[in-house]
Amino acid sequence: MSAAFVTFDNVSLAYDGSGNAIEDINLNIHEGEFVAFVGPSGCGKSTFMKLCTGLHAPTAGAIQVDGLPVTGPLKVSGMAFQNANLLPWRTTLDNVLLPLEIVKPYRHQFRKRREEFKGWARTLLKTVGLAEYEDKYPWQLSGGMQQRASICRALIHQPRLLMLDEPFGALDAFTREELWCVLRDLWDVQRFTVVLVTHDLREAAFLADTVYVMSRRPGRVIEKRNITLPRPRALETTYQKPFIDLVQSLRAQIGDVRST
Amino acid sequence: MTKKSKLIERLAPWIAVAALVLVWEATVRLFNVPSFIFPSALETAQALVTYAGPIGKHSWQTFWTTLIGFGLGVAVGLVLGFIIGSSRFLYNACYPLLVGFNAIPKVAFVPILVVWFGIGSVPAILTAFLICFFPIVVNVATGLATLEPEMEDVLRVLGARRMDVLLKVGLPRSLPYFFASLKVAITLAFVGTVVSETVASNQGIGYLMMSAGSQMRMGLVFAGLLVISAMAMVMYELFALLEKRMTGWAHRGQDR
């Protein structure tokens, strides 16, 4: 693994007078690492995302991404949320293409290289199983399909950092597990850095290299757990003893957090 | 069965019109209302035919003044709505002002406009404009101002500028609001034109009705009313059609 890609150095953030939303965060994320943040609701997981992408500035401490201090919104990241947030007036393909109309240097080449870009989008859509849906509008897709498209949109410009804010939270259990595998395979091939915020411990343990457990507000990192399960991980492993033990011990930690 | 019920649904508006005309005719005859107070449907129709020439001339005048006023309203409404909607500060600053302005009865502007521009088409155009730009501004501004913050985040982490967000998401998103407001605005524009014509013009349907009324030719007055509402209805339907065409994605699920 290479040197730290994302560095948090004593970072705290207070939105207003109501105290810190997150407090004293120190961590290093390596390039290509898959990191998951779990914690009780309201623990500042989403705040962490906003800090990491530069949408918010910390009130104390310093954040570095790729060796440079974060001063404004990052330009190397892609983002997906619990809601797919696709634009209803664009087809799936056009939705996936949207970042290329905005990110430099693609935005200036968009007209010239349109067909090439479409090819990228089609390849991505194919890997997530949406090949036949590129001309459909978002409202013609199921929730799971929309989320797949949303992940494609987050990846189309080949970001070095993928931020996922509970992306599978609104999906049913089967679709969710299916999309875990989709994400796992995409990551396996491209090895971008992923920060996944979730409240699903199985999800975190199945996908991530490192799981950070956060305390209740003000959010602090109370545990860093390296997941040493061998890769590639099959979905079946999530039903086997070592995995279940792992999830249980994480669960116990969250339980401790809640009771104190 | 569905075919039949669909046919009935399509015919329903026409049936309603026919029913209204029947009730009108019947009421006038039943109570023997003199025609210089309230002409019957038949008398109104007769007036329509008899005075077809002058009615056509005057309604053409009303029609194009309205369209020019409406066009101005759309242009100004779009620009103003875009400016106000794109900044929370301007939105908060200008909204009360706009509401206050909208509360002024537009007929009160006509004397001022006459002083400035004299009698004729200009006050009519401007009254139509003044009355119809407000719903456009409000709708466009609201459409822009209610952008989902998450959608904005998605674009901002890509390095999008404020203008990118507005053009890629804000504007398309506010289009359904915009087209919805056009339907309202065009009917209001007719109101503005006719109000101005009745007070300060010597042409247009408003003027025609005013002078016919002063001569107690109520058939002609009512014919004028019918023509105005017919023009407004046609334009409304036109914009409703345009709305469906342009922003079909916003009307999904409603079985066309």
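Every residue, even glycine, has its Cβ placed from backbone N, Cα and C.
Here TrEMBL flags B:59-239 as domain 'ABC transmembrane type-1'.
The transmembrane segment annotation in TrEMBL covers B:12-31 (among others). Outside the transmembrane segment (B:12-31), and at least 6 residues removed from its termini, the chain residues within Cβ reach (under 8 Å) are 38-42.
Look at TrEMBL and you will find B:63-85 (among others) tagged as transmembrane segment.
Residues 84, 126-127, 130-131, 134, 137-138, 192, 195-196, 199-202 of the same chain lie 6+ residues outside the transmembrane segment (B:97-119) yet bring a C-beta within less than 8 angstroms of a C-beta in it. Under the heading transmembrane segment, TrEMBL lists B:97-119 (among others).
The feature transmembrane segment is assigned by TrEMBL to B:125-147 (among others).
Here TrEMBL flags B:177-200 (among others) as transmembrane segment. Counting only same-chain residues 6+ beyond the ends of the transmembrane segment (B:177-200), those with a CB under 8 A from a CB of the stretch are 62, 65-67, 69-70, 73-74, 77-78, 81, 106-107, 110-111, 113-114, 119-120, 123-133, 135-136, 138-140, 142-143, 206-207, 209-210, 228, 231-232, 235-236, 239-240, 242-243, 246-247.
Per TrEMBL, transmembrane segment is recorded for B:220-242 (among others). Sequence-distant contacts of the transmembrane segment (B:220-242) (same chain, at least 6 residues past either end, Cβ-Cβ under 8 Å): 39, 44-45, 47-48, 51, 55, 58-59, 62-63, 66, 179, 182-183, 186-187, 190, 194, 205, 208-209, 212-213.
Within its own chain, the transmembrane segment (B:63-85) has Cβ neighbours under 8 Å at 91, 94-95, 98, 121, 124-129, 132-145, 166, 170-171, 174, 178, 181-182, 185-186, 189-190, 192-193, 197, 204, 231, counting only residues six or more beyond its boundaries.
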